[in-house]
């Protein structure tokens, strides 16, 4: 019986792993939902410009677009490496 | 005024055409004058599922390009009186559809029909966007499987932004979740996402749950929409779905694990 329980618990995992993975990816998709189509391109080009001067990782640049009532704020956050 | 319902999913092979055919048939069986339109230009299949593939003369693209009248292209269903099918073109490329052309066709159908069911192609390209653009309601067909759920979420994003209702700032498209190929036994053993989890992730209202069923393949083999198979679980589940679309309260069925009896195990009694 214990063996059966063990096997069953092992199997239970796959659906809950699926759920966890989906929750993360869907949250990420939704955060990008309202943003304009040019954002990925803008992000890429900004990164290129920054890299002309400083060598930074992809993760060191964080770009967010927040919309409030009638204005949008583009926030660019760059973590520069220690020189 | 017709209600325009798009059957969509993002991912291919989840049961859009099967569902569009079954739901359109169900609506017509309940006395609603229904047209079902195939938007999958180049890869039409609705005609096969509806069993009218040999009666296709003109198609949606012919109508849009003015080569045939709408009445010439509409195929009257053999089995149900109130049901008409508008097939997609098999030969043209998918750019043959235009927004204005689709609008004209829908406006004309609008006068005579109660429901217009639009069977969307897979993907999120032009064909899929045209199929959803004029929709009042959307049925998002989802399998209990990660890629299908993720793609359904992408489609929900498009429904909220790339439709006429969204662009005009009208009431949003009413979104319904239709889970297909659900296997309660695998859900019970923890190998399949359960319906509560899918609803929680996508956060839209469930309109129906279709169990994985042998009746579906049997129906498509014969070109008879599965709704006609009233003895089958899938046929009944689609009938329930249609009732819910018509705002009736129907309890959910076929979502619970059924233990096979010893007899049916011995004699291999599967699901009908």
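Yeah, the Cβs are placed from backbone N, Cα and C, and that goes for glycine too.
Going by TrEMBL, these are the annotated features:
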DOMAIN    B:5-226  domain 'CobQ/CobB/MinD/ParA nucleotide binding'
BINDING   B:11, B:12, B:13, B:14, B:15, B:16, B:17, B:18  ATP binding site
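Everything TrEMBL records as a feature, shown here on the structure.
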residue: B:11; record: ATP binding site; contacts (Cβ under 8 Å, 6+ apart): B:122, B:143, B:147, B:148, B:151, B:152
residue: B:12; record: ATP binding site; contacts (Cβ under 8 Å, 6+ apart): B:122, B:123
residue: B:13; record: ATP binding site; contacts (Cβ under 8 Å, 6+ apart): B:122
residue: B:14; record: ATP binding site; contacts (Cβ under 8 Å, 6+ apart): B:141, B:142, B:143, B:148, B:180, B:181
residue: B:15; record: ATP binding site; contacts (Cβ under 8 Å, 6+ apart): B:9, B:141, B:143, B:180, B:181, B:210, B:216
residue: B:16; record: ATP binding site; contacts (Cβ under 8 Å, 6+ apart): B:7, B:8, B:9, B:119, B:120, B:122, B:141
residue: B:17; record: ATP binding site; contacts (Cβ under 8 Å, 6+ apart): B:38, B:40, B:45, B:46, B:49, B:119
residue: B:18; record: ATP binding site; contacts (Cβ under 8 Å, 6+ apart): B:49, B:180, B:216, B:219, B:220, B:225, B:226
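Shown in sequence order, B:9, B:19, B:122, B:141, B:180 are the same-chain residues outside B:11, B:12, B:13, B:14, B:15, B:16, B:17, B:18 whose Cβ sits within 8 Å of the Cβ centre of the ATP site. Following the DSSP three-state reduction, the secondary structure of residue B:11 (ATP binding site) is coil.
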